[in-house]
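Trainee: Please see the structure below; I have some questions.
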Amino acid sequence: MKYLILAEKPSVARDIADALQINQKRNGYFENNQYIVTWALGHLVTNATPEQYDKNLKEWRLEDLPIIPKYMKTVVIGKTSKQFKTVKALILDNKVKDIIIATDAGREGELVARLILDKVGNKKPLRRLWISSVTKKAIQQSFKNLKDGRQYNDLYYAALARSEADWIVGINATRALTTKYDAQLSLGRVQTPTIQLVNTRQQEINQFKPQQYYTLSLTVKGFDFQLESNQRYTNKETLEQIVNNLKNVDGKIKSVATKHKKSYPQSLYNLTDLQQDMYRRYKIGPKETLNTLQSLYERHKVVTYPRTDSNYLTTDMVDTMKERIQATMATTYKDQARPLISKTFSSKMSIFNNQKVSDHHAIIPTEVRPVMSDLSNRELKLYDMIVERFLEALMPPHEYDAITVTLEVAGHTFVLKENVTTVLGFKSIRQGESITEMQQPFSEGDEVKISKTNIREHETTPPEYFNEGSLLKAMENPQNFIQLKDKKYAQTLKQTGGIGTVATRADIIDKLFNMNAIESRDGKIKVTSKGKQILELAPEELTSPLLTAQWEEKLLLIERGKYQAKTFINEMKGFTKDVVNGIKNSDRKYKHDNLTTTECPTCGKFMIKVKTKNGQMLVCQDPSCKTKKNVQRKTNARCPNCKKKLTLFGKGKEAVYRCVCGHSETQAHMDQRMKSKSSGKVSRKEMKKYMNKNEGLDNNPFKDALKNLNL
């Protein structure tokens, strides 16, 4: 008898097979005398579409809504049906005794496996492999601690409830809005509140009125003393009167106080923090960061599980620190890492906290030492950030003296504050940090002369527009960005992790860009006309982050066995009926403000121009037509004059590449330029691959052919 191991992806299945010495490669699985390991390809089974319940529902009609099946159906995904048949045969194989679920350790990973098992009709016992890294050592250790699969039943019920609720609400709200207003409009319990977040910030900026205020400082022996006051002076004359009082008056040092202080490193990275920092440092979007992180985790095996919301480690990981530090010796931080190898770490350190780790701990390096030359430029940047944060967390605190000098002049108090670094601690890892010395020349009781007075004018500034990094953080903590009627709602949002999950937020932002609900201009995310109209047309409940937080709260209760999934689904059905009725009875109108005179080549209706993340495209206004064509898009081809990225207009032989500097060239010229700078022939297919790549050519099968290009 054998154990069947079900992984989520082929790469993880290979890692498990390697760790357990399962060496016989079959068609769709690996095998030895004890184990069979196979894989899903993400989801192999999904919720049925409305037309799979009733073929008459293929056409979208408002009168057919709401669509609420009595029992939810699942179907095998067509493009991966071959692998499903392989997995099904293995599950039903009489040689298989138990099944070990080895999909991603989390709600969605559980759903991937259980939908397959339910579709097959599995009756065999289940075990659960729960891992946070796919290194050989981690896999072998986790196989010694397999859990009874029944312990994760509630996790599955929560995942299934989430999936079914999103289907019921999303399908009906989207079809209702689209058919009511004859436009491609989409609603969702996560995406719509996210549009509202962006819109709220945009309104705050538009309504902001700057105010002028003034500050006063004195210069004494080259040091600037600030007027000590909690008041913001909006009347310049008040400060001018103080300056007049100070003329020909000496000051007296009232006190010189020194307080020794410590500062501590930032928390270890969770996914959201890492995505935010990658955007802040390198302008790399959340989706791209997650994809790169997934590569570091699955392919290179140098970091732990990416989709985590925790900033902490569990206490049983203390003894693994030395191996992880040794792995970082391959990086530019080796000089800072070396002293830490001999250090003894304690579970009492602040980074270790079992109560603050749920499914997965913070993102840190594994014990696998990377081959730095194998990492792409983006992978290097990301890995370096993780290593930097990890090493900082293990280093001593930064220590400094906070010096406060108080000056009294004509009854007014002025203050000088300076920090003097005494111990670099974790800041030694940062370039430019050093021990500082302040030779402040003041002693208590000194009489001093004022060499200069300075009245400075300031202006209040509006909040900043969200960018892709800060929007992620806002989705995680929406209570900090919206007004709520009751403080308990803010607590609900905080406890449930806000809008979406750490694993889905990047996809949601990407989806909103693609559906033209939001756009980014110079890194500033704004709501489009379409996005604003969606908010106006959508039921108010669906625009609030509070609703999704309340749902998430119930899903967490289901996960803990404290709420019935059936009750939750019934609530969602009732909510959906109200949403559909509200849309049906609405007298509002939707206006296409981006309608063009270009006819759709498929149905003849006029097309609408929409902005995408990387350019513009024309989309048929008829939701059932789905015809699209690119108008322009950014490429990775470089201008030969200014080296900026070129924008592609048109397609095929008529395509033209243009640059902001004024340079332009035809497709034929671009092909010729590539060939002249390459050692070999470059096909149109290869050219297209090059244009579509988000990163360099490191992992491109045409790397050798294109390595001499200077585009």
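Each residue, glycine too, has its Cβ placed from N, Cα and C.
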Trainee: Tell me which range among 186-191, 408-413, 426-431, 522-527 Swiss-Prot lists as region 'Interaction with DNA'.
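Mentor: Among 186-191, 408-413, 426-431, 522-527, the range Swiss-Prot annotates as region 'Interaction with DNA' is 186-191.
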Trainee: Which is it, of 124-144, 292-312, 691-711, that Swiss-Prot names as region 'Disordered'?
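Mentor: The range carrying the region 'Disordered' annotation in Swiss-Prot is 691-711.
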Trainee: So if I exclude everything within five residues of the ends of the region 'Interaction with DNA' (186-191), which remaining residues of that chain have a CB under 8 angstroms from its CBs? That is, six or more out.
Mentor: 165-166, 169-170, 173-174, 177-178, 499-500, 504, 508, 511-512, 515, 517, 534, 538, 542, 547-548, 551
Trainee: Do me a favour and check the Cα-Cα span between Asp104 (Mg(2+) binding site) and Tyr305 (active site, O-(5'-phospho-DNA)-tyrosine intermediate); whole Å is fine.
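Mentor: Here the two Cα atoms are 9 Å apart.
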Trainee: Determine the mean pLDDT over the domain 'Topo IA-type catalytic' (152-580), rounding to the nearest whole number.
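Mentor: Mean per-residue confidence for the domain 'Topo IA-type catalytic' (152-580): 92 out of 100.
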Trainee: Summarise the domain 'Toprim' (2-135) as counts of helix, strand and coil residues per DSSP.
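Mentor: Within the domain 'Toprim' (2-135) the tally stands at 50 helix, 33 strand, 51 coil.
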Trainee: Need the DSSP three-state call for Arg175 (site 'Interaction with DNA') to compare against my parser.
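Mentor: Where Arg175 (site 'Interaction with DNA') sits, the three-state DSSP reduction gives helix.
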Trainee: So if I measure Cβ to Cβ from Glu8 (Mg(2+) binding site) and keep only same-chain residues at least 6 apart in sequence, which ones fall under 8 Å?
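Mentor: Residues satisfying the criterion: Trp39, Ala40, Gly42, Ala102, Thr103, Asp104, Gly109, Val112, Ala113.
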